[in-house]
């Protein structure tokens with residue numbers, strides 16, 4: 001193989017492995033082993049965490065981000081070289097984070113409020129990469145709960161439509177050779 005081909009292949013491979021992706025998995029086989037008289041019980045609706053609290057398994061922290069550090073470094077240089085002042089650094093890596101109470105409003109943090117994984121809370125790491133911006137974490141939490149509620153309502157609708165369809169009647173042959181039916185008339189409300 002040519003060296004350029006190997007280099008391009010390795011670069012593509014490393015890029016595809018570095019970028020996380022989510023794949024929606026759809027199951028094509030549906031289980032119909034449930035009885036038609038079974039009506040699904042209602043599940044408890046998931047609740048959002050408090051307005052100032054991070055989603056479950058995340059902890060609220062006040063962090064200095066790399067974008068704030070970059071702005072602090074580039075703004076003074078921008079006064080001398082205007083082109084440098086136009087550079088913007090965006091990062092969600094937390095630097096020197098300190099824990100915050102869930103009830104504490106965002107205004108008490110002079111830096112960026114972030115929701116960090118439990119594994120990073122109280123760690124001695126200078127940089128915490130498993131943090132998420134507070135507003136983004138709350139938005140994703142709301143979207144996840146809405147998705148779960150839509151799926152559950154679709155499941156309920158499917159189960160109710162299956163229970164409304166009549167079951168097939170069984171017919172047989174009597175001992176004397178005459179046919180009979182075990183079908184019963186039942187009122188159905190729609």
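Glycine is treated like the rest: Cβ placed from N, Cα and C.
Feature annotation from Swiss-Prot assigns signal peptide to 1-18; the stated evidence is sequence analysis.
There are 22 other CB atoms within 10 A of the CB of residue 54 (disulfide bond), with all protein chains counted. For 54-115 (among others), the entry in Swiss-Prot reads disulfide bond.
Applying an 8 A CB threshold to same-chain residues 6+ apart, the list for residue 109 (disulfide bond) reads 62, 100. The disulfide bond annotation in Swiss-Prot covers 62-109 (among others) and rests on similarity to another entry.
With a 10 A radius on its CB, residue 63 (disulfide bond) counts 24 other CB atoms from all the protein chains. For 63-97 (among others), the entry in Swiss-Prot reads disulfide bond.
Among the features that Swiss-Prot reports, disulfide bond is placed at 116-131 (among others). The Cβ of residue 116 (disulfide bond) has 23 neighbouring Cβ atoms from other residues within 10 Å, across all protein chains displayed.
Across the structure, residue 131 (disulfide bond) and residue 63 (disulfide bond) are spaced 9 Å apart at their Cα atoms. If you measure from the Cα atom of residue 116 (disulfide bond) to that of residue 54 (disulfide bond), you get 9 Å. The 10 Å shell around the Cβ of residue 97 (disulfide bond) contains 26 further Cβ atoms across the protein chains shown. Separating the Cα atoms of residue 54 (disulfide bond) and residue 97 (disulfide bond) is a whole-number distance of 15 Å.
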